[in-house]
Amino acid sequence: MGCCFSVQFSFDDQTLVRIFNFLCGNINRNSFGVEERPTQPTIGQEEMLEKAWNRLMEDRVGIMGLHGMGGVGKTTLFKKIHNKFAKMSSRFDIVIWIVVSKGAKLSKLQEDIAEKLHLCDDLWKNKNESDKATDIHRVLKGKRFVLMLDDIWEKVDLEAIGVPYPSEVNKCKVAFTTRDQKVCGEMGDHKPMQVKCLEPEDAWELFKNKVGDNTLRSDPVIVELAREVAQKCRGLPLALSVIGETMASKTMVQEWEHAIDVLTRSAAEFSNMGNKILPILKYSYDSLGDEHIKSCFLYCALFPEDDEIYNEKLIDYWICEGFIGEDQVIKRARNKGYEMLGTLTLANLLTKVGTEHVVMHDVVREMALWIASDFGKQKENFVVRARVGLHERPEAKDWGAVRRMSLMDNHIEEITCESKCSELTTLFLQSNQLKNLSGEFIRYMQKLVVLDLSYNRDFNKLPEQISGLVSLQFLDLSNTSIKQLPVGLKKLKKLTFLNLAYTVRLCSISGISRLLSLRLLRLLGSKVHGDASVLKELQKLQNLQHLAITLSAELSLNQRLANLISILGIEGFLQKPFDLSFLASMENLSSLWVKNSYFSEIKCRESETASSYLRINPKIPCFTNLSRLGLSKCHSIKDLTWILFAPNLVYLYIEDSREVGEIINKEKATNLTSITPFLKLERLILYNLPKLESIYWSPLHFPRLLIIHVLDCPKLRKLPLNATSVPLVEEFQIRMYPPGLGNELEWEDEDTKNRFVLSIKK
């Protein structure tokens, strides 16, 4: 027995269309197609896009971070990567794009992801975060997903959200952008990719694109002025775009000249700078949190545009300004300073230049000055006219409001006014042509903490009113013609750092022992050499921790004084071989400069030469802290094999030493294969070494090398390089003189030649 049902349906055309649309809607709700995100054409980012895409597609890469300063184009690049997934039909099941932004909460991230997964019904919204994480995990664990998180400011806890951790097994991906490189490490990407500013020609193309041909063609002069405006953006896409759009309708030469003038004198006043550029960059400043680190950052704006700021001196400023805390031990305070410096570089607010310098991007610097002036309301809070061609001190409406003033690197010859700078704490006058500093000018600076007068080579006398600077902690008189220290200097009870290096006319430091707070003293290259009377005076400085000094006579240093020496110059030992064995006992020696002296080899112990000591103790270096070494006119030395026990050498300079035939001698280092030299070397400079034939007998690994500079070393035909020696080949330079010498170099093989031939610069 059976039953048979026959049912016939008949639909008109409109009904069929409604059914089709309904079914399509259900299909869309259960699929996860990638919709392209709108984005502008990229200029100058094509290579970076390709590199980032290829890295993300590697099977072993589950998490990838892109970091870079604000406005550099990370989001634009990220959108381009996202849109590439739209062309991949089968490799990934779902691509989720989330804009995180500062202060985003876990619940908000869960909600955004849930919407992409079609989980957001009323029942789901009433669940707690843990249950929501379970739901998200249940959906994603069976899918090959890509999660793209744009603009994260801190670690995103994937587990708490419910996102399965990407691995080679599940082949899922998590990519993100951030301004802070530290976040990359916290997220698990220890080799993040940095999005950098555009190269000059790419920057010009972007700027032209924003300004438009009509404006650029309106007057031939405008093209040249436009190039100058573009250059002031220093390759930052945000600035190029906003300023380019602002100038798009400016067809008069005078308008462009005015723009250049405003951008040069006070960029924060330029149209749209204060509402479209600087506030965006300020998010990075706000994220620093700690007020001391913020102060450290703002301090960097005192230096000129594009200035390579020496890390150690910057940190010494910070210590004296009180940004680093109350630690009285310089080494610990400096270590803390380096940590703070690292925070600023990881946040892409400063950029490392080698290991000893940082630089601040010009637009970031304008942001710092804008903040320091209370967003333009108190412009005289920071008076910064550094490297702008001044011949006299600038004017200010209210000198009593000035807290920090930087007039460094100008042409100022004298300052004679009687302005009452009663709130001034920082005064940078270095690198001018200063001859006269009025006592009346500094009379009222009772709050002055830092005074830098260095590199004023004609400056020969400090006014007696210096004794009134009762708060002064940092005084730099290096590279001046100062002849004597004023009697009133002894009244500076808080003076902590005193730099008298290369004061070639200074005859005496008598009375310096009364500076009881002095912790750092530099006399290197001064006319005051370390004779017995000077050393006796220095031994009275009970709080002294760092000493830089030149010795020109064999003296018996007590161990305390020897341990205080961080920078040592040795000069003029020509009568007999000079015993340098005492150097090994200097625990804090970081820089050594030997000039016009007679010695053949440095001893690491009183009875052991470098080679003999190293054979016995190959893993115990003597000069652990030595980072800079310079030799000049040392005609008795034939090699420098002893630098094998200086593992942290960063800078090596050898000149005018006619017997030097090799840097490392193979025979002396025969049994020292466990020691690899130059792992931290950044700069190698060799000048006028007529017998030099070899640096090292085989190729070496130079992880940090930036430059090899060879001048007048006619027998040096081969460098210790192979194709893998220098990882930073894009930044690496080889400079040979005479210029033709570069063409005559012998290479390890053809691959080595091809890798480095473009590194040879004229």
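The backbone N, Cα and C atoms fix where each Cβ goes, and this holds for glycine too.
As recorded in Swiss-Prot, the features of this protein are as follows:
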type	residues	note
LIPID	G2	N-myristoyl glycine
LIPID	C3	S-palmitoyl cysteine
LIPID	C4	S-palmitoyl cysteine
DOMAIN	26-329	domain 'NB-ARC'
REPEAT	401-422	repeat 'LRR 1'
REPEAT	423-444	repeat 'LRR 2'
REPEAT	447-470	repeat 'LRR 3'
REPEAT	471-493	repeat 'LRR 4'
REPEAT	494-516	repeat 'LRR 5'
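Listed as Cβ neighbours of the repeat 'LRR 5' (494-516) (distance under 8 Å, sequence separation of 6 or more from its ends, same chain) are residues 316, 319-320, 454, 460, 470-485, 487, 522-528, 534, 537-538, 540-543, 548. For the repeat 'LRR 1' (401-422), the number of residues in each DSSP class (helix H, G, I; strand E, B; coil) is 1 helix, 5 strand, 16 coil. Here the repeat 'LRR 3' (447-470) is broken down by DSSP into helix, strand and coil counts: 5 helix, 3 strand, 16 coil.
When the repeat 'LRR 2' (423-444) is classified with DSSP, helix, strand and coil residues number 4 helix, 5 strand, 13 coil.
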